[in-house]
Amino acid sequence: MVFGLLDCSVATYFFLPIFAQNTGDVIESVSLLSYTKAESYIIVPYMIIVIGLILCGVITLALQNCTTLFWIRIKSKLSLSLSVLATLFFMLSRQPYAGTFILVFMIIKTLMLIKWT
């Protein structure tokens, strides 16, 4: 359940101003929906990663009582893999705040996974 809630909390990226956008000589903090000055090959993967994490969280919350062996094995790996991918992409594209927040969520997930095993 914690993994699902952490993944769903990434939805705040659509509304919180954590993305840096250059406007002339000024760097503004904008939300993902207001992030328009970048190229489409940057914005589209941002949207895909954020929506993917949100969907993973919703599915995790919806299937929290599922006892299928496949789902039990894959749910934490899927969530952590998407978090690693998101952290890597945000850091490589020079968005440190977005990358740091997902990194913190990933550290919490890893500590919870270590605690549970």
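Each Cβ is built from the backbone N, Cα and C atoms, and glycine gets one as well.
Under the heading transmembrane segment, TrEMBL lists 44-63 (among others). Packing against the transmembrane segment (44-63) from elsewhere in the chain are residues 1, 3-11, 13-14, 32, 35, 71, 75, 78-79, 82-83, 85-86, 89-90, 93, 102: each is 6 or more residues past its ends and has a CB under 8 Å from a CB in it.
The annotation transmembrane segment is assigned in TrEMBL to 70-91 (among others). Long-range neighbours of the transmembrane segment (70-91) within the same chain, counting only residues 6 or more positions beyond its ends whose Cβ lies under 8 Å from a Cβ of the stretch, are 3, 6-7, 10, 45-46, 49-50, 52-53, 56-57, 60, 63, 98-99, 102-103, 105-106, 109-110, 113.
According to TrEMBL, the feature transmembrane segment maps to 97-114 (among others).
With a cut-off of 8 Å between Cβ atoms, the residues of this chain six or more beyond the transmembrane segment (97-114) that come close are 2-3, 6-7, 9-10, 13, 18-20, 29, 53, 76, 79-80, 83-84, 86-87, 90-91.
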